[in-house]
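Just lifted these from TrEMBL, have a look:
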{"type": "DISULFID", "residues": "56-66", "note": "disulfide bond"}
{"type": "DISULFID", "residues": "155-165", "note": "disulfide bond"}
{"type": "DOMAIN", "residues": "1-87", "note": "domain 'SRCR'"}
{"type": "DOMAIN", "residues": "82-186", "note": "domain 'SRCR'"}
């Protein structure tokens, strides 16, 4: 839940029209790189609700700089307090989830199609994760319902991030969810 200090009193923010852009501004104000709107609290909180109908462009430094209904002007139930999740992930970050390679784009985790994904691409992804070596798992191992972000990746091996390799446009692919990349990252000789 977001708490905001105004007029010597702590209060909350109503969820009316609150979205991921608003959450990103709030998270940046808290010192994080990124964030998402995580819904509303289901419990009633007896706090002043300071902000309602928050609408940020994304360029603001703090939530109070966004347009809103006015301090203390709200029409919310006491169970409509905003929840956010903040993180320091950045565009193009990668992670492994049960062997599946996932990549962050537009603040949403997605997968990578296995078309043309080979040892060089696995090496770049594993290097990005801080490992020395990588190998591709059999494509039948990895399935997912996440959005498929990248396809037709071609790396030369010198890239520092997988997103620096050539690829089709984000989200453009002919890949099925049963045909996504799984990789194994390791140190040493892999035994």
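Using the three backbone atoms N, Cα and C, a Cβ is placed for every residue, glycine included.
Note: TrEMBL annotation is automatic and uncurated.
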Using DSSP and three states only, what is residue 165 (disulfide bond)?
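The residue in question, residue 165 (disulfide bond), is coil (DSSP, three-state).
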Looking only at C-alpha atoms, tell me how far residue 165 (disulfide bond) is from residue 56 (disulfide bond), rounded to the nearest Å.
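That comes out at 33 Å between the alpha carbons.
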Can you grab the distance from residue 56 (disulfide bond) over to residue 155 (disulfide bond)? Cα atoms, rounded to a whole Å.
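For residue 56 (disulfide bond) versus residue 155 (disulfide bond), the Cα atoms are 37 Å apart.
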Return the residues near residue 66 (disulfide bond), defined as same-chain residues 6+ apart in sequence whose C-beta is under 8 angstroms from its C-beta, sorted by sequence, else 'none'.
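When sequence neighbours closer than 6 are ignored, residue 66 (disulfide bond) has 22, 25, 54, 55, 56, 57, 60 within Cβ distance under 8 Å.
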In sequence order, which residues at least six apart in the same chain have a CB under 8 Å from the CB of residue 155 (disulfide bond)?
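When sequence neighbours closer than 6 are ignored, residue 155 (disulfide bond) has 120, 121, 123, 124, 162, 164, 165, 166 within Cβ distance under 8 Å.
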Could you tell me the mean pLDDT over the domain 'SRCR' (82-186), as a whole number?
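For the domain 'SRCR' (82-186), the model's average pLDDT rounds to 90.
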